[in-house]
C-alpha cells in the first residue's frame, strides 16, 4: 500500500485539493486566536484602550469614530468646565497615561468617601478643607509620578490611611482650640462675676438684723422663700374659712381647720427662707391643701371671703404701725443707754480715783492750758471709753503731739472716772485737763435760758410728768424730748466756749462719737474770712436744709431765714473765739432760746439753735475733713471714710453699742487697748 503524502503548512489554506486538508486547518486558527491574540488584545485594552496598527483599514475607521466621540465630549465639557481645569486634566493624563474607569475605581480619592464626608461637614471650615485638599492632591500626585502603573491594594490603603490621619489631626486641633476658647471665656466670666461681687460687698451692711448675705440679692434663688409664703397664705385662708365654718355651725370643719393652722404655724416658726423650714413642712402643706379644698366646697362665699380678707389686711396694717413705733422707741432707748460694761468701767475708775491722795490727782503741764500758741481741743462727754478714743486717735495721728491741749468737761457723776482714766493712761506728751460742769458757778438759771426753762413748772410737767405713756408705742413719739442728752448742760455748753476758755483765740470742738484719722493742725490755718464757725456742710439737693430743722410757719423764722439755706454738722468745728466775742454769738443764742420756750421754733437738740445762731457766720470746710453717717448710713463709700480726717458716728448706732454697724466698728475699736486691766475686768470685748 502506497503511503499518504504530508501537506505543508504553507499550503494549508491555499486550495481545496483533498478532503483531508480541508478538515484540519480551521481548528488550528481558532486555537491560535484564543490563546495568543485574545490575551494580547485584553492587556492592551486594559493598559490604554488603544491598539495602533497602521496597516489595518478597520482600525482607521475605529479611530475616526473614537475621535468623533472625543470631539463631541470635549465640546460638551468646555461648556461646563473652565479652560484651566481642562488643561489640568490633560496634563494629568500625559503624566499618568490614558484615563479609564478602572483607573478611578482603583485610585478613588479619600475625600470622595461618604463616611468621612459626614464628619467633615460637621466640623469643617474653609481653611481646614483647603488643608485636606492639599494633602489629598499631594498624595495622589506622589502616587501618579512614582508609579504610573496600577498600584497594589496595600499601597492604596496606605495613602487612604495617611489622608484620614491628616484629617483626624486637624479635627483634634480644631476641637482643642474650641475647648481652649470655651475655658478662656469661662475664666473671663468668672473674673467679671468676682469683681462685681467685690464691688457689691463694699456697700453691704452686716449689722442689718435678720438673714442677710452679700450674695443673696443677686445670686440666691429668687423664689427661695416661695414655700414659706405658700404656707403663710394657706394659714390666712384657713383662718378665713374657719370663721365661715363657725358662722355656719360646721364645727367639725372648724376644729380641723384650727388643728391644721396650729400645725402649719409650728412648721413655719420663725423661718424666713425655705431652707429654714422644718422637714415636715411638705406634709403640712399637703394636709392643709386638702382641708382648704374641702372648706372651699362647703363654705366658700366670695363676698364674705373678700370682706374678711379686707378686715385682716386692715388689722395687719395697724399691727405693722404699732410695731414700727415700738421698734423706734426701743432703738432710741438702746442708743441713749450706757452698756453695763462701760458703766462698770466708770464705777471702778471712780472708786479708785477717790482712793488716791490729793497730790496724785493733778495732771502735768498745766501751764499749757491757756497758751494761745498751741492747738486746743474742747471735748464735752460723760462716756469715759468714747472720750479716750477721741484723745488717743488725735494724738496717734498728730505730727507734734506735745503742742496739743485737750480740755475735757464732764458731769460730777463721771468726773472721778474721767480723771482716773487719763491719770493711768496719759496722752503721751500732750496736755490734758478735766473739769466738772457743775462747778461752773456762772452757768446758772439767771444767765442760761435752758436752765431757767428746765426749772419752770411747765417744763417739768412736760418732760417728767405729762403724757407719760402707758405702752411702748405711745412713748415713741416723745421719747427724744425726754432724753437726758438734750436736758444736759454738757450738750448746750458748746454755746459758751468764750466763757469757758476766755484766754484762747481758736478752739476745735469735737463730739465724743468721732474718730480722728489724720493730723488736724491744718484747721488752725484755714481762713474763715471773718466767720465764726468752720464746719462741713451737709445739704444735698432736697435734704439737710434749714426747713428740715426749723418751723418756717413761724413769722419770726420766715422773716429772718432762708428755708433752702444749707445746713452744716456739729461734731468737728473750728471756732474763732475773737470773732465770737465781737459778734456776741452767745447773746444771739440766748435770744432764740428764749423765743423757743414753748418749743414752737424747733423741737429739740442743739443743731437747730446752732443753725439760727451761726446763720451767715459759718465758713464751709472741705468735706474730707469730716465724714458723717457712720451711725445710720450703711452705704458710705469706703474711699470717703479712708480719706477723711474725722469720721463721725452720728445716729443711733454708736460704735460702743451692740447695734453698731460691724463694717464701721473697726475704725473705732482700733484705738482701744482691750488687754487693759480695767477693760478686761469689765468684760469689754472687741
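Just so you know, glycine gets a Cβ as well, placed from its N, Cα and C.
TrEMBL annotations: computationally assigned, not manually curated.
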Where TrEMBL places transmembrane segment among the ranges 24-45, 46-67: 24-45
Listed range which TrEMBL flags as region 'Disordered', given the options 85-131, 132-178: 132-178
Local confidence of the prediction over the coiled coil (247-274), expressed as mean pLDDT: 88
The compositional bias 'Basic residues' (165-177) - residue tally per DSSP class, helix then strand then coil: 13 helix, 0 strand, 0 coil
